[in-house]
Amino acid sequence: MDGMLLPLISTIFIGISAVFVALGWIVVAKGKVELHKKMMFYGALFAVIFFVTYVAKTVFVGSTAFGGPEEVKIYYTIFLIIHITLATTAAVLGITALISGYKNNMKLHRKLGPVTSIVWFLGSSTGIAVYFLLYVIYPPGEVTNVFRAIWGF
């Protein structure tokens, strides 16, 4: 697989994950707890598949630097940092929400669930936007190590 296909595949996986999380949120609001569990399981599964493909691309191919205009790069970098913060927060909250749900700690799960879902959607949507900025709207930049791709050094 080349450096263009893995990012597309991983972006599709995180999009599918977000759809399952949305469906899980909808069905639990209707009292369908068992269906909620299934939707959230698949949301988590596709998130893990996303993460594996993302890490595989980063390790085996490298990270793609921003290839757009220099005057846009600072805005892209700020947006990317916001995305990374949201995605990392969503992962921690998601794992905590999943564990609390599976351990039947409903007080914590009900408290974390809505916040986690919102942060998850923000992290996923900004991730999809990063994909479009890196590969669709602008031509891809050089493939390099992750630090150079983000910070330029």
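Backbone N, Cα and C define each Cβ position, glycine as well.
Here the structure is a predicted model, which means the values were calculated and not measured.
The transmembrane segment annotation in TrEMBL covers 6-28 (among others). Sequence-distant contacts of the transmembrane segment (6-28) (same chain, six or more residues past either end, CB-CB distance under 8 Å): 35-36, 39-40, 42-47, 49-50, 53-54, 56-57, 61, 64, 113-114, 117, 120-121, 124-125, 127-128, 131, 134-135.
Annotation comment: TrEMBL describes 40-62 (among others) as transmembrane segment.
Summarising the annotation, TrEMBL assigns transmembrane segment to 74-98 (among others).
Residues 4, 7-8, 11, 14-15, 17-18, 21-22, 64, 66-69, 72, 76, 79-80, 82-83, 86-87, 89-91, 93-94 of the same chain lie 6+ residues outside the transmembrane segment (118-138) yet bring a C-beta within less than 8 angstroms of a C-beta in it. As annotated by TrEMBL, transmembrane segment applies to 118-138 (among others).
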